[in-house]
Amino acid sequence: MASEARESPANNPGLSTNRDEATKGYIMQQTMFRIKDPKASLDFYSRVLGMSLLKRLDFSEMKFSLYFLGYEDTTTAPTDPTERTVWTFGQPATIELTHNWGTESDPEFKGYHNGNSEPRGFGHIGVTVDDVHKACERFEELGVEFAKKPNDGKMKNIAFIKDPDGYWIEIFDLKTIGTTTVNAA
């Protein structure tokens, strides 16, 4: 298969084929976004994207809060604060929203850089949905801002929406992502 050749070590200098046994059990656990207003961000990630709040940590001395969100079922999560923290940090693919207190009401605060304008850096996170077109119809009804709709551009059947701080979220489904990427490559 042609796709196997692209992933082979010969075509990817620097790729190690010997996974160190010490890394067994590692997971991609979180990515962090700095946010201006937790009320707006929590509404977006819970109501629009359907995530649950897994854990909130407040650091009074340093004047910031952390909100961990994901798609895990919280009904079986531990209620003990320490156990809940350990449980949260064991979940794969969570989002950590970091709020520095006061930014939500500071007229001088201009927001954070999302990485998609110069100087480019971090690009986006991705969320798999059942049907990208139906999901995007719902997002439009909810007034979500789009960076790209599913029928725009050369890569069809993927979309990019923006959260309240302007971070991009790629939206795709498993029914179309394979052909979408193969046709664009």
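Please read every residue number as a count from 1 along the shown chain.
In case you wondered, yes, glycine gets a Cβ from its N, Cα and C as well.
Checking the ranges 1-22, 111-132, 133-154 against Swiss-Prot, the region 'Disordered' annotation falls on 1-22. Just one of Q29, Q30 is listed by Swiss-Prot for the same Zn(2+) site as E96, H124, E170, and that one is Q30. If you take the C-beta of E96 (Zn(2+) binding site) and look for same-chain residues 6 or more apart in sequence within under 8 angstroms, you find Q30, T31, M32, F33, L66, Y67, F68. E170 (active site, proton donor/acceptor) and H124 (substrate binding site) are 7 Å apart (CA-CA, integer value). Scoring each of the binding-site residues (R120, H124, K154) by how many neighbouring Cβ atoms lie within 10 Å, the top position goes to H124.
If you compare Cα positions, E170 (active site, proton donor/acceptor) sits closest to M155 out of the binding-site residues R34, K154, M155.
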